[in-house]
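Below you'll find the structure, written out as C-alpha coordinates, and then a few comments.
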Amino acid sequence: MSQIIDALVIGGGPAGLGAALGLCRQNHSVVLLDSVSYRNTIDTIPDNRMHMVATWDHRRPDEFRVAARKELQRYERFKYREVEVVSVRQTTSTQSGKLEALFNAKAADGTEYAARKLILATGVKDVFPKIEGFSECWAKGMYVLSPNSNELCIARETKYRSFHCLFCHGYEDRNSESVGVLAVGECAETSTVARMARAAHQFSRSITIYTNGNSELGDQVYRLLGKEGWCSINNLGIKKVYMPQKTPASPITVQVELSDGTTKTEDFLVHKPATVQASALYTQLGLQLTAEGDIKVKEPMFETSKAGVFAVGDCASPNKFVSSASTSGGFAAAGAAMQLQAGF
(Lines of atoms letter the chains of each structure in order from A; the text may use other names.)
(Lines give C-alpha, C1' and ligand atoms only; values in the text may rest on other atoms or scores of the structure.)
Protein backbone atom coordinates (compact mmCIF):
# COMPACT_ATOMS: atom_id res chain seq x y z
CA MET A 1 0.00 0.00 0.00
CA SER A 2 1.16 3.54 -0.73
CA GLN A 3 2.00 5.96 2.06
CA ILE A 4 -1.10 6.97 4.01
CA ILE A 5 -1.96 10.66 3.80
CA ASP A 6 -4.31 12.58 6.05
CA ALA A 7 -6.66 13.81 3.34
CA LEU A 8 -7.22 13.31 -0.36
CA VAL A 9 -9.04 16.08 -2.21
CA ILE A 10 -10.53 15.19 -5.59
CA GLY A 11 -11.23 18.25 -7.73
CA GLY A 12 -9.22 21.40 -8.37
CA GLY A 13 -11.87 24.09 -8.58
CA PRO A 14 -12.58 26.72 -5.89
CA ALA A 15 -14.08 24.15 -3.49
CA GLY A 16 -11.20 21.69 -3.72
CA LEU A 17 -8.60 24.43 -3.50
CA GLY A 18 -10.36 25.89 -0.45
CA ALA A 19 -10.46 22.50 1.25
CA ALA A 20 -6.79 21.87 0.56
CA LEU A 21 -5.81 25.26 1.95
CA GLY A 22 -7.73 24.74 5.18
CA LEU A 23 -6.11 21.36 5.78
CA CYS A 24 -2.67 22.76 5.00
CA ARG A 25 -3.20 25.47 7.57
CA GLN A 26 -3.61 22.73 10.18
CA ASN A 27 -0.39 21.06 9.03
CA HIS A 28 -2.09 17.94 7.63
CA SER A 29 -0.71 15.99 4.70
CA VAL A 30 -2.88 16.69 1.66
CA VAL A 31 -2.90 15.48 -1.93
CA LEU A 32 -5.13 17.26 -4.44
CA LEU A 33 -5.93 15.37 -7.64
CA ASP A 34 -7.28 17.59 -10.41
CA SER A 35 -8.91 16.27 -13.59
CA VAL A 36 -8.47 19.79 -15.07
CA SER A 37 -12.11 19.75 -16.19
CA TYR A 38 -14.07 22.74 -14.92
CA ARG A 39 -17.65 23.86 -15.42
CA ASN A 40 -16.59 27.42 -16.25
CA THR A 41 -14.04 26.39 -18.88
CA ILE A 42 -15.42 27.08 -22.36
CA ASP A 43 -12.89 26.45 -25.11
CA THR A 44 -14.67 28.58 -27.71
CA ILE A 45 -14.61 31.71 -25.55
CA PRO A 46 -11.20 33.38 -25.33
CA ASP A 47 -12.00 35.93 -22.63
CA ASN A 48 -14.06 34.12 -20.01
CA ARG A 49 -14.50 36.22 -16.85
CA MET A 50 -15.67 35.46 -13.32
CA HIS A 51 -17.53 37.75 -10.93
CA MET A 52 -19.03 37.87 -7.43
CA VAL A 53 -15.63 37.19 -5.82
CA ALA A 54 -14.07 40.07 -3.90
CA THR A 55 -10.53 40.89 -5.14
CA TRP A 56 -11.14 38.76 -8.25
CA ASP A 57 -14.10 40.49 -9.89
CA HIS A 58 -14.07 40.50 -13.71
CA ARG A 59 -10.95 38.37 -13.89
CA ARG A 60 -10.25 35.05 -15.55
CA PRO A 61 -11.15 31.84 -13.65
CA ASP A 62 -8.08 30.01 -14.95
CA GLU A 63 -5.87 32.72 -13.45
CA PHE A 64 -7.75 32.33 -10.16
CA ARG A 65 -6.94 28.61 -10.10
CA VAL A 66 -3.29 29.23 -10.96
CA ALA A 67 -2.97 31.81 -8.17
CA ALA A 68 -4.62 29.49 -5.63
CA ARG A 69 -2.33 26.59 -6.57
CA LYS A 70 0.70 28.86 -6.30
CA GLU A 71 -0.29 29.84 -2.76
CA LEU A 72 -0.63 26.18 -1.80
CA GLN A 73 2.88 25.33 -2.97
CA ARG A 74 4.44 26.97 0.09
CA TYR A 75 2.94 24.26 2.32
CA GLU A 76 5.47 21.44 2.54
CA ARG A 77 2.89 18.73 3.21
CA PHE A 78 0.82 19.56 0.13
CA LYS A 79 1.03 17.83 -3.25
CA TYR A 80 -0.87 18.60 -6.44
CA ARG A 81 -1.31 16.40 -9.48
CA GLU A 82 -3.23 16.83 -12.72
CA VAL A 83 -4.86 13.44 -13.13
CA GLU A 84 -8.37 12.00 -13.14
CA VAL A 85 -9.48 9.64 -10.39
CA VAL A 86 -11.19 6.59 -11.89
CA SER A 87 -12.12 4.63 -8.78
CA VAL A 88 -12.37 4.98 -5.03
CA ARG A 89 -13.28 2.56 -2.27
CA GLN A 90 -13.25 2.30 1.50
CA THR A 91 -10.95 -0.20 3.18
CA THR A 92 -9.09 -0.77 6.45
CA SER A 93 -5.40 -0.94 7.29
CA THR A 94 -3.04 -1.58 10.20
CA GLN A 95 -0.10 0.03 8.40
CA SER A 96 0.08 2.84 10.95
CA GLY A 97 0.18 0.36 13.83
CA LYS A 98 -3.53 0.49 14.56
CA LEU A 99 -6.67 -0.52 12.71
CA GLU A 100 -8.09 2.45 10.85
CA ALA A 101 -10.56 3.10 8.05
CA LEU A 102 -9.02 4.39 4.84
CA PHE A 103 -10.11 5.49 1.40
CA ASN A 104 -8.17 4.10 -1.54
CA ALA A 105 -8.28 6.01 -4.82
CA LYS A 106 -6.87 4.96 -8.16
CA ALA A 107 -5.87 7.54 -10.76
CA ALA A 108 -6.11 7.15 -14.52
CA ASP A 109 -2.34 6.63 -14.74
CA GLY A 110 -2.54 3.70 -12.31
CA THR A 111 -1.19 5.55 -9.29
CA GLU A 112 -2.97 4.67 -6.04
CA TYR A 113 -3.53 6.80 -2.98
CA ALA A 114 -4.60 5.93 0.56
CA ALA A 115 -6.13 8.62 2.77
CA ARG A 116 -7.80 8.85 6.15
CA LYS A 117 -10.28 11.45 4.92
CA LEU A 118 -11.73 12.05 1.48
CA ILE A 119 -13.10 15.32 0.13
CA LEU A 120 -15.03 15.28 -3.14
CA ALA A 121 -15.04 18.54 -5.08
CA THR A 122 -15.98 16.94 -8.37
CA GLY A 123 -18.51 19.45 -9.67
CA VAL A 124 -21.54 19.08 -11.92
CA LYS A 125 -22.40 19.11 -15.61
CA ASP A 126 -25.17 21.15 -17.22
CA VAL A 127 -27.99 19.31 -18.98
CA PHE A 128 -29.36 21.41 -21.83
CA PRO A 129 -33.01 21.52 -22.91
CA LYS A 130 -33.85 19.83 -26.19
CA ILE A 131 -34.00 23.00 -28.25
CA GLU A 132 -32.10 23.08 -31.53
CA GLY A 133 -29.10 25.40 -31.34
CA PHE A 134 -29.14 25.73 -27.54
CA SER A 135 -25.75 24.10 -26.97
CA GLU A 136 -24.16 26.30 -29.65
CA CYS A 137 -25.51 29.42 -27.95
CA TRP A 138 -24.74 28.29 -24.41
CA ALA A 139 -22.49 30.76 -22.61
CA LYS A 140 -22.30 32.69 -25.87
CA GLY A 141 -25.69 34.39 -25.93
CA MET A 142 -27.46 33.03 -22.89
CA TYR A 143 -27.37 33.94 -19.21
CA VAL A 144 -28.74 31.66 -16.53
CA LEU A 145 -30.33 33.42 -13.64
CA SER A 146 -30.34 31.81 -10.27
CA PRO A 147 -29.00 32.86 -6.91
CA ASN A 148 -28.07 29.15 -6.80
CA SER A 149 -25.65 28.94 -9.68
CA ASN A 150 -21.90 29.02 -10.10
CA GLU A 151 -20.22 31.45 -12.47
CA LEU A 152 -20.23 30.29 -16.04
CA CYS A 153 -21.39 33.37 -17.90
CA ILE A 154 -19.41 35.54 -20.23
CA ALA A 155 -19.22 39.30 -20.23
CA ARG A 156 -20.21 41.53 -23.16
CA GLU A 157 -16.67 42.03 -24.46
CA THR A 158 -16.47 38.34 -25.34
CA LYS A 159 -18.90 39.15 -28.16
CA TYR A 160 -21.19 36.23 -27.37
CA ARG A 161 -24.83 36.35 -26.35
CA SER A 162 -25.72 33.35 -24.19
CA PHE A 163 -25.18 33.34 -20.45
CA HIS A 164 -25.63 31.61 -17.10
CA CYS A 165 -26.11 33.78 -13.98
CA LEU A 166 -27.38 37.35 -13.72
CA PHE A 167 -25.64 37.82 -10.39
CA CYS A 168 -22.34 36.65 -11.83
CA HIS A 169 -22.95 38.30 -15.21
CA GLY A 170 -25.35 40.64 -16.88
CA TYR A 171 -24.06 44.00 -15.69
CA GLU A 172 -21.90 44.28 -18.81
CA ASP A 173 -25.13 44.06 -20.87
CA ARG A 174 -27.09 46.57 -18.80
CA ASN A 175 -28.16 48.70 -21.79
CA SER A 176 -29.92 45.94 -23.72
CA GLU A 177 -33.13 46.67 -25.61
CA SER A 178 -34.73 43.22 -25.47
CA VAL A 179 -33.92 40.04 -23.56
CA GLY A 180 -35.58 36.62 -23.73
CA VAL A 181 -36.26 34.26 -20.81
CA LEU A 182 -36.50 30.56 -21.71
CA ALA A 183 -39.14 29.16 -19.34
CA VAL A 184 -38.45 25.49 -20.05
CA GLY A 185 -37.18 22.53 -18.06
CA GLU A 186 -36.43 23.41 -14.44
CA CYS A 187 -37.30 27.03 -15.23
CA ALA A 188 -40.91 26.15 -16.13
CA GLU A 189 -42.19 27.24 -12.73
CA THR A 190 -44.12 30.42 -12.12
CA SER A 191 -42.10 32.01 -9.31
CA THR A 192 -38.82 31.02 -10.96
CA VAL A 193 -39.84 32.62 -14.26
CA ALA A 194 -40.98 35.79 -12.50
CA ARG A 195 -37.70 36.05 -10.60
CA MET A 196 -35.68 35.54 -13.77
CA ALA A 197 -37.68 38.13 -15.69
CA ARG A 198 -37.42 40.76 -12.96
CA ALA A 199 -33.67 40.28 -12.66
CA ALA A 200 -33.21 40.42 -16.44
CA HIS A 201 -35.21 43.66 -16.52
CA GLN A 202 -32.39 45.27 -14.54
CA PHE A 203 -30.36 45.09 -17.75
CA SER A 204 -32.96 45.48 -20.50
CA ARG A 205 -35.86 47.75 -21.45
CA SER A 206 -38.12 44.83 -22.36
CA ILE A 207 -38.39 41.12 -21.54
CA THR A 208 -40.04 38.32 -23.52
CA ILE A 209 -40.83 35.09 -21.68
CA TYR A 210 -40.84 32.05 -23.97
CA THR A 211 -42.84 29.12 -22.59
CA ASN A 212 -42.20 26.82 -25.59
CA GLY A 213 -45.87 25.96 -25.99
CA ASN A 214 -46.74 25.78 -22.29
CA SER A 215 -49.77 28.08 -22.35
CA GLU A 216 -50.81 27.07 -18.82
CA LEU A 217 -47.49 28.36 -17.49
CA GLY A 218 -47.88 31.44 -19.65
CA ASP A 219 -51.27 32.18 -18.09
CA GLN A 220 -49.85 31.78 -14.58
CA VAL A 221 -46.94 34.09 -15.32
CA TYR A 222 -49.27 36.59 -16.94
CA ARG A 223 -51.23 36.87 -13.70
CA LEU A 224 -47.98 37.87 -11.98
CA LEU A 225 -46.35 40.06 -14.62
CA GLY A 226 -49.00 40.76 -17.26
CA LYS A 227 -49.60 44.30 -16.06
CA GLU A 228 -45.91 45.16 -16.27
CA GLY A 229 -45.32 47.24 -19.37
CA TRP A 230 -41.86 45.84 -19.87
CA CYS A 231 -42.86 42.14 -19.98
CA SER A 232 -44.52 40.08 -22.72
CA ILE A 233 -45.24 36.35 -22.86
CA ASN A 234 -44.90 34.14 -25.94
CA ASN A 235 -46.56 30.72 -25.76
CA LEU A 236 -45.51 29.49 -29.20
CA GLY A 237 -43.19 26.52 -29.50
CA ILE A 238 -39.50 27.22 -30.05
CA LYS A 239 -38.15 25.71 -33.26
CA LYS A 240 -34.53 26.73 -32.68
CA VAL A 241 -32.23 29.43 -31.34
CA TYR A 242 -29.15 30.65 -33.14
CA MET A 243 -26.66 33.48 -33.38
CA PRO A 244 -26.54 35.19 -36.79
CA GLN A 245 -23.24 35.91 -38.47
CA LYS A 246 -21.80 39.10 -37.05
CA THR A 247 -20.86 41.98 -39.31
CA PRO A 248 -19.03 45.21 -38.34
CA ALA A 249 -22.32 47.11 -38.64
CA SER A 250 -24.54 44.67 -36.76
CA PRO A 251 -24.93 44.10 -33.01
CA ILE A 252 -24.43 40.64 -31.55
CA THR A 253 -27.79 39.01 -30.95
CA VAL A 254 -29.63 35.71 -30.54
CA GLN A 255 -32.46 34.75 -32.87
CA VAL A 256 -35.43 32.78 -31.52
CA GLU A 257 -37.26 31.00 -34.35
CA LEU A 258 -40.81 30.07 -33.36
CA SER A 259 -43.16 27.32 -34.50
CA ASP A 260 -45.19 29.67 -36.72
CA GLY A 261 -42.06 30.61 -38.69
CA THR A 262 -41.59 34.03 -37.12
CA THR A 263 -38.27 35.08 -35.61
CA LYS A 264 -37.64 37.33 -32.61
CA THR A 265 -34.30 39.05 -32.01
CA GLU A 266 -32.96 39.18 -28.45
CA ASP A 267 -29.82 40.82 -27.12
CA PHE A 268 -29.29 37.71 -24.99
CA LEU A 269 -31.26 34.85 -23.47
CA VAL A 270 -31.65 33.75 -19.86
CA HIS A 271 -32.01 30.15 -18.74
CA LYS A 272 -31.03 27.84 -15.89
CA PRO A 273 -30.40 24.27 -17.06
CA ALA A 274 -30.57 21.19 -14.90
CA THR A 275 -27.31 19.73 -13.58
CA VAL A 276 -26.02 16.23 -12.91
CA GLN A 277 -22.97 14.96 -11.07
CA ALA A 278 -19.84 15.35 -13.20
CA SER A 279 -18.22 12.29 -11.60
CA ALA A 280 -19.54 8.82 -10.79
CA LEU A 281 -17.26 8.42 -7.76
CA TYR A 282 -20.18 9.09 -5.42
CA THR A 283 -21.87 5.91 -6.66
CA GLN A 284 -18.77 3.83 -5.87
CA LEU A 285 -18.96 5.08 -2.30
CA GLY A 286 -22.72 4.62 -2.03
CA LEU A 287 -23.34 8.26 -1.17
CA GLN A 288 -26.88 9.58 -0.95
CA LEU A 289 -28.15 12.37 -3.21
CA THR A 290 -30.74 15.05 -2.58
CA ALA A 291 -33.92 15.29 -4.63
CA GLU A 292 -32.15 17.90 -6.77
CA GLY A 293 -29.28 15.52 -7.53
CA ASP A 294 -26.63 17.07 -5.28
CA ILE A 295 -24.58 14.90 -2.94
CA LYS A 296 -26.36 14.92 0.40
CA VAL A 297 -24.28 16.52 3.16
CA LYS A 298 -24.67 17.55 6.79
CA GLU A 299 -23.87 21.20 7.29
CA PRO A 300 -21.92 23.02 8.49
CA MET A 301 -19.03 20.59 7.89
CA PHE A 302 -20.32 19.06 4.63
CA GLU A 303 -19.82 15.44 5.66
CA THR A 304 -21.73 13.01 3.46
CA SER A 305 -23.82 9.98 4.37
CA LYS A 306 -20.55 8.04 4.74
CA ALA A 307 -18.36 8.92 7.72
CA GLY A 308 -15.03 10.43 6.74
CA VAL A 309 -16.19 11.49 3.28
CA PHE A 310 -16.95 15.15 2.63
CA ALA A 311 -18.43 16.76 -0.49
CA VAL A 312 -18.07 20.43 -1.33
CA GLY A 313 -18.84 22.97 -4.02
CA ASP A 314 -21.22 22.49 -6.91
CA CYS A 315 -21.51 18.73 -6.44
CA ALA A 316 -23.01 19.14 -2.97
CA SER A 317 -25.00 22.36 -2.92
CA PRO A 318 -27.76 24.17 -4.83
CA ASN A 319 -25.72 27.35 -4.25
CA LYS A 320 -23.32 27.01 -7.15
CA PHE A 321 -21.22 30.15 -6.69
CA VAL A 322 -17.42 30.39 -6.62
CA SER A 323 -17.49 32.11 -3.23
CA SER A 324 -19.85 29.59 -1.64
CA ALA A 325 -17.88 26.71 -3.16
CA SER A 326 -14.65 27.98 -1.65
CA THR A 327 -16.36 28.52 1.70
CA SER A 328 -17.77 24.99 1.75
CA GLY A 329 -14.25 23.69 1.11
CA GLY A 330 -13.03 25.55 4.17
CA PHE A 331 -15.80 24.14 6.36
CA ALA A 332 -15.09 20.59 5.16
CA ALA A 333 -11.40 21.10 5.88
CA ALA A 334 -12.29 22.09 9.44
CA GLY A 335 -14.53 19.05 9.84
CA ALA A 336 -11.92 16.67 8.46
CA ALA A 337 -9.18 18.22 10.60
CA MET A 338 -11.23 17.87 13.78
CA GLN A 339 -11.87 14.21 13.05
CA LEU A 340 -8.21 13.54 12.26
CA GLN A 341 -7.03 15.23 15.44
CA ALA A 342 -9.60 13.36 17.53
CA GLY A 343 -8.42 10.07 16.07
CA PHE A 344 -11.55 9.06 14.17
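Cβ atoms here come from the backbone N, Cα and C positions, even for glycine.
Under the heading FAD binding site, Swiss-Prot lists 12-15, 34-39, H51, A121, D314, 321-322. Its Cβ taken as reference, D34 (FAD binding site) is surrounded by 22 other Cβ atoms within 10 Å in the chains shown.
Annotation note: C168 (disulfide bond) sits in a coil segment as assigned by DSSP. Residues or ranges marked as disulfide bond in Swiss-Prot: C165-C168.
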If you count other Cβ atoms within 10 Å of each one's Cβ, which of the recorded positions V36, C165 has the most?
C165
Could you check the binding-site residues G12, P14 and say which one's CB has the most other CB atoms within 10 Å?
P14
